[in-house]
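Enquirer: To start, I am sharing the structure in question, which I have written as structure tokens.
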Amino acid sequence: MERTRSKPVRNLPETIHSLLGLKSHMTSDWVKSVCNIAKNTSSTSKKEEDDFVSVDLQSIRDQLSALTVQVNDQNKLRRQILNEFLDLKGNIRVFCRVKPLGATEKLRPPVASDTRNVIIKLSETKRKTYNFDRVFQPDSSQDDVFLEIEPVIKSVIDGYNACIFAYGQTGTGKTYTMEGLPNSPGIVPRAIKGLFKQVEESNHMFTIHFSMLEIYMGNLKDLLLSEATKPISPIPPSLSIHTDPNGEIDIENLVKLKVDDFNEILRLYKVGCRSRATASTNSNSVSSRSHCMIRVSVTSLGAPERRRETNKIWLVDLGGSERVLKTRATGRRFDEGKAINLSLSALGDVINSLQRKNSHIPYRNSKLTQVLKDSLGQDSKTLMLVHISPKEDDLCETICSLNFATRAKNIHLGQDESTEEQAKKEAVMMNLQKMMEKIEQEREMSLRKMRNLNETLEKLTGKPHVIEEEEKDVVREVIHVTPKKPRNKSRRASDVFPSFMRPTASSNRRLSGADFSVTPNSSSFKSRRNSMISVRAESACLPVKKKKNRFDSACDSSDRSVSKSTSIMRQNTADDATVYSQDISECDIKLVVSEHKPKPLQMGPGSATKSRSNISNFEKDVMQKIGGTEFSRINSWLRSQSENRSYVLDKTQLPATHFLENLNRSLEKSPTQSFTTEKITGNELEGIEETKTNETVVNPTLMLKKLFELQCLCSAEEEDQILSRFPIPGYEDDDESRYPPILENDGFSQHIDNEWFGVNNYSADWERDSPATIPLLECEPDLKQLLPELGLDRSLKPRGLAVAEGAAPPLLRAQETLGERGKGPTFMQKLQALCFRILLGLGFMDVGFGNDFFNGLTK
């Protein structure tokens, strides 16, 4: 074996030389010729393969074009047959659904029914029969109802307008028929799901938009624009209705969301249902107090066989048609029921005019008929489901509902037909239905072939076959859900500056360009009610070419945006319990009266300087925070109390002398303390701001005790301590009994008292400040000589403590003027105040609160 291995090694040089000799016989032309042969062979095979693929592609495209034409013809034929079928049934088809009886209700109801008739047993010998296109028995299911409605959904794809609405009294099952339950969906989810199914089976491109609104007391509200709010929150204004040049109804500023699947519409529907107006009535604990309307718009640009490029279907849940005599409603419930019945009556008038083919149709008598104008007449398809109750207690409402349905039945056909004509019509409808089913089967086969060819084409070319259509920019409304901003508790920088350094209202208006001044960092004040964070949806039109987010930025509008909210101010009575649907103020104004309660200062012999400095600092702080004109807080408090005389503290009259004696006793125990009025300059007041929040804060009226503590610390005792020593017979000692009642939930008054808030054009009328009189000088003539020296002569005039500007006694002058004087005038001022307190304690003077004031508290 070793020899065999060594033999190739010895022959290796010979082998290499032989290979080199073989290479010497080859030339460069031979190499080029081999390369050319290889290139020609590959190009020929590639060309043959490309020719084969191109032939297949062309064949597939031809087949797709032929199938497209075939499907279009089938759609046109199906649309014609369906239109004939619906015309034979009538432009407005009226169904009746009988509510099943409960387990505890009567077993023998006065209502009997079959598949087409409803029989009302009025007495033992008298009965009345009502004819319908279809009567659904109490044991009928949601599937049975939708089976009759499905042809109308198909006509929507063909470009026809449609309207389906539920009619009947409250509690007969209208909402159940329209909405249903999770395990038994109603017409709304089934119709929308069927609409998307028809779109998927079609060979055209469709765009679907969803809108939802309600008609509450004659006003149109967009349910997708805002969630359910409290009565004090602003709601959008009533939407306006317009008619475009093509005769189509257009609702201005109505949010129109572009949707791509059923789940998106379902989410939007749940959002809209939360904003509906519902309330408790005698007929139902959760009664719908408005008409809920759902609009689904369908647009297809590349379908010439359609009736319209854009059509719509309305799904309407009408309000309860029960009489006010049954509900015994009052107040807001009465107004709601009246508005519902008026709109339903207008709907009946429109249907009656269509039945008689009058030249004038009264669409403008109600917002409901204006909105449904293009869905009730002409070539629209309308279905009305009348809901009745078989209970004997609801017999009157049942008869009213059946009479209304009779007016709407057979508008196109006119008079009732004979039995033979009706049998012939039913036979024709059966033939048309069979033809339509056959065409739909052929159309389904053609669509299946088209899908298979598209898959093959996608494998060959890498992209599917797309029907060429003009690509246009879509203007969509983007919904921005903006939560309420968190509260900003920081003080504004302008609050620490004097009034003359703060910007005026006119300068703010010039800088901002707005009609009113809005503070950029205004703080949010707490409301009287604990409210949840409200969410608002604002729309903006943005031109985009490609959709980024399906739900967040998918709405379509013709270059519109949602208008700003305006509303009305109204008092909320106990009857105004409707969810969200309360009137509120057009401009939210926050009125905050800040109260400063410094601790009482003990005026000892060695603390006069310290007390004076504290009072001076306190007055300076007040001067920086509050601006206004000179006024008397005591008379302002009197004026506010005289305005609130409508409140009753107790049924018993309070004796005025009793309070005067208590007040004099309390003043006798604090002889070293004084009280002064203040002179306030400036034209701004902290706490009065015009903001854009939805909540209002109204502080209770300041009591006399708080005014004394605020300005002069006249008494070291609290008012509750004083009142506790002098209990009133028959008067309970609680927080509510000590003070006059304040505004809670009864309403809100925008009245701003000029005396409190320092209006610029305020002029103090000191001649009418206080109704109290002091006949002290008439009783004690010897005091007339002493009081002018003390500067107290003017304070004893019939106006009590109300002093005129420029003539105030020294003890009632502002503290800022006292700070500029020397020790002598200051000592005289304190001496005068001491004399004044002594006179008050001895009973020679009073504070000006006469019997009229205390009598007014009990009126």
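In case you wondered, yes, glycine gets a Cβ from its N, Cα and C as well.
Annotation comment: Swiss-Prot describes Gly168, Gln169, Thr170, Gly171, Thr172, Gly173, Lys174, Thr175 as ATP binding site, evidence class sequence analysis. Annotated coiled coil per Swiss-Prot: 422-463, in sequence order, evidence recorded as sequence analysis. Residues or ranges marked as compositional bias 'Polar residues' by Swiss-Prot: 518-530. Taken from Swiss-Prot, the feature domain 'Kinesin motor' covers 91-411. Annotation comment: Swiss-Prot describes 511-530 as region 'Disordered'.
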Enquirer: In terms of Cβ proximity under 8 Å, which residues at least six beyond the ends of the coiled coil (422-463) contact it?
Expert: 53, 56-57, 60-61, 63-64, 67-68, 70-71, 74-75, 77-78, 81-82, 84-85, 88-89, 201, 203
Enquirer: How many neighbouring Cβ atoms, not counting its own, are there within 10 Å of the Cβ of Gly168 (ATP binding site)?
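Expert: If we count other Cβ atoms within 10 Å of Gly168 (ATP binding site), we arrive at 28.
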Enquirer: Radius 10 Å, atoms counted are CB only; among the binding-site residues Gly171, Gly173, which position scores highest?
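Expert: Within the set of binding-site residues, the most crowded position is Gly171.
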Enquirer: Quick one: mean pLDDT on the domain 'Kinesin motor' (91-411)?
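Expert: Looking only at the domain 'Kinesin motor' (91-411), pLDDT averages out to 81.
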Enquirer: For Lys174 (ATP binding site), which DSSP three-state class applies?
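Expert: Helix, per DSSP.
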Enquirer: So if I draw a 10 Å sphere around the Cβ of Lys174 (ATP binding site), how many other Cβ atoms end up inside it?
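Expert: Its Cβ shell of radius 10 Å holds 28 other Cβ atoms.
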Enquirer: What kind of secondary structure is Gln169 (ATP binding site) part of, going by DSSP in three states?
Expert: coil
Enquirer: Which site among Gln169, Thr170, Thr172 has the most other CB atoms no more than 10 Å from its CB, taking these as binding-site residues?
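Expert: Sorting the candidates by Cβ neighbours within 10 Å, the top entry is Thr172.
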